[in-house]
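Peer 1: From TrEMBL, here are the annotated features:
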type: BINDING; residues: 27-34, 91-95, 145-148; note: GTP binding site
type: DOMAIN; residues: 18-310; note: domain 'Tr-type G'
Amino acid sequence: MNFQIARFGSRLFGTGLDKIRNIGIIAHIDAGKTTTTERMLYYSGSISKLGDVDQGDTVTDYLETERNRGITIQSAAVTIPWNKYKINLIDTPGHSDFTFEVIRSLRVLDGVVTILDAVAGVEAQTEKVWKQAKDMNIPSIVYINKMDRDGANFNMTVRQIVSKLATRVVLCNIPYFVNDLKTQSHRFVGVVDIFEGTLLKYHENDDGNDVQVIPLNELSEFKDSEQVNQDVMKLREAAIETLGEFDDRIVDSYLETEDYMKVPTYILHEALAKATISQDVVPIFCGSSFKNIGVQPLMDGVSLYLPNPGEAQKPSVYSPVASVPVKIDPKSGCLINNNKNLCVAFAFKVITHPTRGLLTFVRVYSGILKSNSKVINTQTGDKFNIGKLMVMHGDKPHDVDQLGVGNIGVISINVENKRISTGDTLVCHTLKKSADGLHKNEKRLKLLPIEVPPPMFSVSLQPMTAGDRRGLDQSLNTLLMEDPSLHVHVDEDSGQTILSGMGELHLDIATTRLRDDLGARMEIGKVMINYKETILKPTTPVAKSIEDSAFKKGHFEITLSLDSFQGKPEDTGLIRKDSEGAVLLNDNNLVIFEQDCEPDFILERVKRVSRGDQDWDLPMTMENIQNTILSSIAASLQVGGPVAGLSMHSMIVRVHKWEIPQDFDKISSLVTLIRQAISTSIGQLSEKQTTLMEPIMDVAVHVGDSDLGTVSQDLSTARAAQVHSIDDELDSTSSEKLYWAKDLAENIPLPQDPADLASGRHSSPISGRKVVKAITPLREMMGYLPKLKSLTRGHGSYDMVYSGMQRVSPERLKVILDE
Ligand code: GDP
Ligand code: MG
């Protein structure tokens with residue numbers, strides 16, 4: 001019988017807030033995210049043919065690069081209708097170079113499905129992403145995939161989930177195997193639903209739509225029915241004991257009947273949803289997406305246990321003008337600034353669709369977004385018409401008139417020079433189809449501002465011929481809109497275009513995309529680390545001035561001096577709440593406008609305008625002028641320092657005084673003066689008073705006990721690392737957590753598992769592995785993976801995150817420059 005019809009009747013597209021699920025899939029690479037997504041689309045009826053990552057024809061991995069490598073790089077969003085629910089699913093990349101991409105996706109999600117490989121269990125990358133989701137308070141359900149593989153071990157994986165992810169669990173279904181007498185092996189053919197007490201038996205080598213739903217009391221024809229019945233009773237009892245804490249009705253009902261099987265299933269579902277959303281419990285499902293087994297129950301799990309937008313946590317909202325109140329209401333969703341007419345949407349992804357061109361995925365956080373609305377992009381200040389609005393049906397965009405609160409949809413704008421990049425916020429008035437009538441606060445608010453880490457690697461790109469320049473620039477433009485963790489600049493000296501990114505793989509994939517998907521014709525240089533420069537001594541103020549014959553009243557002038565600092569600007573005491581004049585630029589550079597540095601006629605004007613005596617009648621606003629000054633300072637610092645022509649970092653630029661003529665209508669002369677003043681200032685310094693800055697990484701190396709010595713030794717001697725801790729792998733934060741999780745994992749009720757019988761052991765999740773944590777320059781970590789593998793006979797693994805830039809000592813400086 002068809003699975004959906006057997007259990008749910010026909011498929012309907014729900015519209016209410018409570019029917020929306022915005023979820024993501026997180027997992028270690030290769031755990032089966034793409035395969036599972038593909039199956040979900042198929043069972044929902046959104047696609048009629050099953051794609052296969054190994055054949056390269058899946059829906060979500062549609063970029064050439066992704067299909068060739070069989071990995072997901074860009075997260076794509078697809079909408080999956082399922083049993084009156086609308087599941088908006090975002091497939092996230094698994095590799096650590098794309099962590100930023102994962103974090104960004106996580107921020108628009110209300111819940112996640114964590115996919116594990118039943119053979120590998122909980123892997124390092126899973127733990128990392130799990131922690132990120134946990135830190136963002138995003139609830140999860142777990143899907144143990146690949147139950148069909150040799151060596152699949154359900155019980156071991158469950159124990160690892162408990163001990164390594166330190167969480168309580170409820171098993172929603174367990175694997176069902178049949179024994180093959182000929183080969184003396186067992187085959188995974190279905191799942192047993194613990195709540196319903198039914199076996200869902202799948203036809204082998206079928207598309208999985210045809211499922212036999214067998215109540216356990218009719219199981220007698222099967223050999224091991226007794227065992228299955230016992231397992232179900234044991235696990236239902238365990239679930240009820242766990243969930244009793246979250247819903248009094250469970251305890252009441254049990255006390256009444258004293259029978260675990262008689263506690264109403266719907267109450268269990270509701271209690272599990274509550275406990276999942278509060279992140280106290282994780283529901284566990286199992287299956288084999290590749291063999292088409294167990295995916296529909298997982299989809300039920302998504303709709304039953306993960307939160308809808310009205311149950312999800314509040315988005316963080318930032319406005320430079322004033323703080324903005326945010327409320328979440330279970331019925332009407334999120335309300336920002338108490339304004340029902342305020343529509344706020346967040347662009348979480350820009351992709352290049354093979355036939356539709358640039359598509360921007362947005363999540364509407366409050367209000368209603370309508371097609372043809374005039375919106376403000378609060379990041380750029382641009383106002384434009386968004387034109388068509390679409391939602392994904394499966395992976396195909398369909399036009400809609402409007403997108404309500406909590407929904408995810410797609411904008412395709414074709415307005416010249418107007419763009420939406422990933423991470424931008426759009427606002428408009430729900431009734432007026434424009435932003436007119438919105439408050440000043442509302443026109444500048446930003447949703448979920450996300451800190452993009454600085455790029456650490458660069459590669460040079462050279463168009464093949466002069467004629468290829470335009471094509472390269474256009475492709476780079478597209479790539480940058482998609483991925484704000486990529487940066488592009490032109491090296492002044494060589495004229496080369498430099499592309500920078502988060503890691504070697506990141507750049508490798510970006511350049512492949514440029515060449516193969518976007519058709520750029522170029523030569524690609526060698527991947528290099530991004531060093532920066534800084535100064536070691538403050539300079540004395542330099543004044544530059546010029547008379548511009550175009551203006552009669554006054555002249556252009558700038559007086560500034562340079563200094564530098566170490567660490568974060570907020571730790572220096574330079575940015576205080578009251579010191580309004582400090583502005584942080586890229587590269588940790590700080591600009592400080594000294595008191596009354598503005599021209600007298602502008603100071604006068606500001607005073608009179610604020611008293612209401614006069615209008616602002618100058619050709620540029622004060623904000624425009626200051627922004628021009630800031631951007632010229634930023635550009636001048638990027639031009640490159642004296643050591644190796646690299647951009648300057650952690651600098652302080654003090655603006656002591658600036659002048660412009662009273663009859664100015666442009667200030668380009670000031671821009672030139674700023675550049676000259678900065679270059680003269682740097683020129684004051686001797687060679688010894690300048691140095692390079694290099695990226696420093698927080699490194700965590702995972703090794704077995706026996707390799708601990710060699711690995712730590714190598715880190716501190718050969719890699720200039722400062723090792724600051726060596727801990728038990730499980731004990732990442734507190735040992736208290738470790739003990740309860742360890743204890744719980746050892747004692748958790750589990751079904752009989754052929755994998756346990758086969759190995760005749762009760763496999764322990766406690767691995768005896770250690771984590772070495774250290775701080776070390778990125779340069780010393782290049783090519784570390786093969787070295788670590790050889791030191792540990794393949795057993796070691798590591799990950800690292802950017803910690804900051806650090807001044808290079810004179811000895812290291814020489815080594816780096818010689819390179
Ligand atoms: P992703 O990297 O997480 O997106 O994983 P993919 O969906 O690309 O799958 C990685 C590999 O595992 C592919 O070769 C899949 O065919 C295979 N795979 C996925 N699910 C299963 C499964 O349930 N059983 C088996 N045996 N292989 C699977
Ligand atoms: Mg994938």
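Even glycines carry a Cβ here, placed using N, Cα and C.
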Peer 1: So if I take the binding-site residues (D30, K33, M147) and measure from each Cβ to the nearest atom of ligand 1, which come out below 6 Å?
Peer 2: D30, K33
Peer 1: Could you tally the C-beta atoms, other than its own, that fall within 10 angstroms of the C-beta of D30 (GTP binding site)?
Peer 2: 17
Peer 1: What three-state class does DSSP give A27 (GTP binding site)?
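Peer 2: Assignment for A27 (GTP binding site) reads strand.
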Peer 1: Can you list which of the binding-site residues A27, D30, M147 have their Cβ under 6 Å from some atom of ligand 2?
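Peer 2: Not one meets the Cβ criterion.
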Peer 1: Restricting to the domain 'Tr-type G' (18-310), report the mean pLDDT as a whole number.
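Peer 2: Averaging the confidence scores along the domain 'Tr-type G' (18-310) gives 86.
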